[in-house]
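*Asks:* From Swiss-Prot, here are the annotated features:
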type     : residues       : note
DOMAIN   : 173-250        : domain 'Toprim'
BINDING  : Glu179, Asp221 : Mg(2+) 1 binding site
BINDING  : Asp221, Asp223 : Mg(2+) 2 binding site
REGION   : 302-354        : region 'Disordered'
COMPBIAS : 308-354        : compositional bias 'Basic and acidic residues'
Amino acid sequence: MVKDEITTTKYLIHSQINAKGFVEKPDVVGAIFGQTEGLLSDSLDLRELQKTGRIGRIKVDMTNRSGRTKGEIIIPSSLDRIETTILAASLETINRVGPCEANLRVTKIEDVRAVKRRTIVERAKELYQNMMEEFTPESSRMIDEVKESIRRPEIIEYGEDNLPAGPNTPTSDAILIVEGRSDVLNLLKYGIKNTIAVEGVNVPKTVADLTKKRTVTAFLDGDRGGDLILKELLQIGDIDYVTRAPRGLEVEYLDKDQVIYALKNKTSVDKITSHANYNHNQHRYHNKPKSHDKFESKLHEVTSSVNKTDKYSQKNESKQFKQQKNENKQVKDNSKEKTQKSTEKHNETEETHLNKYELMLKELSGTGKGRLYDMDFNLLKEVKVSDIYNEVKNSKETIKNIVFDGIITQRIVDLSKEKNIECLVAVKMSEVVKKPETIKIITK
């Protein structure tokens, strides 16, 4: 394709000609003009179109071999698409060139503007590449520096072992134990800042000490390394919950949904006896709980002791002692009956409170408001849900119960613990990781 054709035309008609004999270029050009003359309307007459410059110079490239002639014909066109295709189709009516039989076939119609666009894109790529190599984008470097300065303080070094940890680890009541620094970084991306890494299979003393003071969840990889760390934690630590990444995955590569799912489905250590039977997908252990084994052991000791005492009694007790024993039994039965009544009364009170909470929440439904109550459920104040946090934080009154038409968040729970609030009642609860045992949380 010649450069001036690209700049002066819209389309190029490419066609192939085969002639049974020896023919030359002038024969082909003459056949094109001669056999298409009068075939189409005057507006599409080739001679007229060439005079007005709407058709360019016809180019023919011929080869003669074994008494036959083959060649390629290129006709530049500045007509529109429809006129160009009609003109191209008319070329296929040519059946003779000079004295020889021939046939002509249009192979393609090339859009010169598309070629220009491709040329522009390729050249733009070259220019951009050169620019990137020659000039360092200052603004990009500035952005990276600012991001790095923000990111760097997020991870702290905690304890005498200088372990990687989230910024809230020193003050948080609940912490997450993970395997490495990358896990801490990944959880920081999703706003989880109460993490600490053990940095290997051997659990450091810093982490072992922390497990005795805080509510601890072990969030470990779903691989062999996670199994080993869990075994170590169960032996030397005092963890409360365990959760795992899906089998074969690591915490550092989990997305936000996977992290939230794992934390929601954590398993209490009380239900665990052997980490080897831990199922990564269901987050549960299949053997009997530890606490049950301990309970059975203690029960066996007590039973043995009682049996020994009974044998001794049977040998030595007199009628008077038997009478005393019957009196003691009666006292015991009376005590048991009182305890049972007390339990029933407590359950009734609990049920009454639940009904009261439901009624209060129903009254607030759709209002977007909340109510603050004291110990005896006397209304202290009614406020908008958006103002509850500030009202509770700044209040000098003794608030014990909060009922509101909204969502319980970690922020509200933390403030309630700080203010010694006993009960939170709301429509639903968001992703709350730390739930203090001193606060009763009720949702719709």
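Here the Cβ of each residue, glycine as well, is placed from N, Cα and C on the backbone.
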*Asks:* With DSSP, how much of the domain 'Toprim' (173-250) is helix, how much strand and how much coil, in residues?
*Replies:* 31 helix, 18 strand, 29 coil
*Asks:* Are there any residues in the same chain, six or more apart in sequence, whose C-beta is under 8 angstroms from the C-beta of Glu179 (Mg(2+) 1 binding site), and if so which?
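*Replies:* Sequence-distant Cβ neighbours: Ala197, Val198, Glu199, Leu220, Asp221, Gly225, Gly226, Ile229, Glu250, Val251.
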*Asks:* Sequence gap of 6 or more, Cβ distance under 8 Å: name the residues on the same chain that satisfy this around Asp223 (Mg(2+) 2 binding site), in order along the sequence.
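*Replies:* Asp223 (Mg(2+) 2 binding site) has long-range Cβ partners Arg247, Gly248, Glu250.
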*Asks:* Among all the protein chains here, how many other CB atoms are within 10 A of the CB of Asp221 (Mg(2+) 1 binding site)?
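*Replies:* Excluding its own Cβ, Asp221 (Mg(2+) 1 binding site) sees 26 Cβ atoms within 10 Å.
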